[in-house]
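Here is what TrEMBL records for this protein:
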type	residues	note
ACT_SITE	H295	active site, proton acceptor
BINDING	C303, C306, C327, C330	Zn(2+) binding site
DOMAIN	167-458	domain 'Deacetylase sirtuin-type'
REGION	1-21	region 'Disordered'
REGION	60-97	region 'Disordered'
REGION	333-369	region 'Disordered'
Amino acid sequence: MSETREPSPSREPSLESDDEESLLTLQIQAFLEASEDVDIDQEIMEDLVQVLAKTQEGKTAETVYVDDDADGTSNGQRNDKQSPESSPEEGEPEWTSQEVKAMLYHLKERGMSSFIKEYVLQKNIAIPRLLEALGVSLCPELRSLRPQTLLYFLKVAMSHQLRRRDKLDQYNTIADALKLIQSSKRALILTGAGISVSCGIPDFRSRDGLYASIKARGDFDLDDPQQMFDIEFFRENPSVFYSFAHQIYPSNFTPSPCHRFIRSMEMKGKLLRNYTQNIDTLETLAGVQRVLQCHGSFATATCVQCLRKVPGSEIESEIMARKVPLCPVCNPPDAQPKKRKQTRKQAKGQWDSDAEDESDTPDHPPGIMKPDITFFGEKLDDQFDRALAEDRDQVDLLIIIGTSLKVSPVAEILNHLPHSIPQILINKTPIRHINPDIILLGNADDIVLHLSQELSWDLDAPASESASPTHINKKRPYTPIYESAKPVRVGNSHVWLFGGAEGGLWLENLQREQAQQILNETSRNGIEETVSSNTHDLTLREVKKQKFV
């Protein structure tokens, strides 16, 4: 179906090809920008850049416009101006709403890999046609690109759909959350820095977090605080990382109630796996066995030259002394270090600015030991992918605690899990790009302590505390941040507020919507004088001012 468009004020009405060309450009740019979320290789990027270059040279594109039906699905009709050669799906029947619904259900319940196997490999449906079912109509220039590039387009479209999870309406209250935890046998728990903040370990990205602290102090010669965990910077300047690493080394800290809650879930046979973004290994100190440290940890260390792996405890003394640990194999004790060459002026004690940095050897020998933390620029091993493939068909509950889900690979886990699995979010702030069924906002420790009390669970002391009390005494203990208080529900929504909740504008808008809904309901029921509250009656005028906090 052709789309009726108003001519641009800055163009002649007859120059429709300009609109078509600009749409092709926007489509290419959108696919390039999607590379932040979907892996793209160099050849695919070159394909898109070449098409974009041709467009900028004056080539025009005939574009297919696809209208959206009321249910949000594509009707598959094409622009009347499209040439027969430009469409590989010419003559194919339009997708029905039932077919699209079935495809989306398959995608959201069984994931990308299953969708590709079913529709691309087994049913042999052309990717441009599949894209139309997912709401994307490719420009002709893009339909003729290599199969690998078309597959990238499909992954982008699937990723977009997977972010559109529908909330499960039957779960809304804390009582619902308790029932889900009680009935769960294979819960998957995703955790981030928020579960270790009370232990004295700062998170990374908040306004008072690790990166902000590094930047404010200015003690390190960094252009960007994230260079502290950049692999290339580490190879060039390992002493910078080791002058800082003692501050976050796990032997300084004890597990929090959140860590012990995860341990209780495991002890009661309810934990499928704990995927953590943290590198502090406090889950292990708490006794959790089924934990995957997605970004690595201090538990082991590896030589960057010979790849010799050792327990992290072997370099603990150097870390605490702020020294660069050397591999004893690459740097045997009897090896004589090479001396820097001296210029004649330096030998005489004279200053030679031109020769200041001249040296036959680097500042550090090549055999440096590095904790097995995944730095920026390093690839993850396939342990994460294997675990997720194993877990996605077994999980019966997802609990997200103390993370903003902004960093891969943990941020992508939700896109790989069936959308019918109930989701509970426990976090200080809302996460706007996901749609959990129950949202518990506030200090994570307060929330899990409340849940544990309601479940009649006694959170045991950390395993390390009972095993080695003298060693624990030197550690920074967990300290409560907020006094426990009764949680408050935001209207009749699925959002509950605990101490420390920070909702910002998102929460203000939700409170406003809920207040309006209450007013509408009371008006429909003919209540004009008072509305009952827990402790007293509120007039309708007061209800308008109520912020539910």
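Note: Cβ is positioned from N, Cα and C throughout, glycine not excepted.
In sequence order, K309, C327, V329, C330, G367, I368, M369, K370 make up the list of same-chain residues 6 or more apart from C303 (Zn(2+) binding site) whose Cβ falls under 8 Å from its Cβ. Other than the site residues C303, C306, C327, C330, same-chain residues with C-beta atoms no more than 8 angstroms from the centre of those residues' C-beta atoms, the Zn(2+) site, are V304, Q305, L307, R308, L326, P328, V329, N331, P366, G367, I368, M369. Working note on the binding-site residues C306, C327, C330: by count of other C-beta atoms within 10 Å of each C-beta, C327 ranks first. The CA atom of H295 (active site, proton acceptor) is located 22 Å away from the CA atom of C306 (Zn(2+) binding site).
The Cβ of H295 (active site, proton acceptor) has 21 other Cβ atoms within 10 Å, all protein chains considered.
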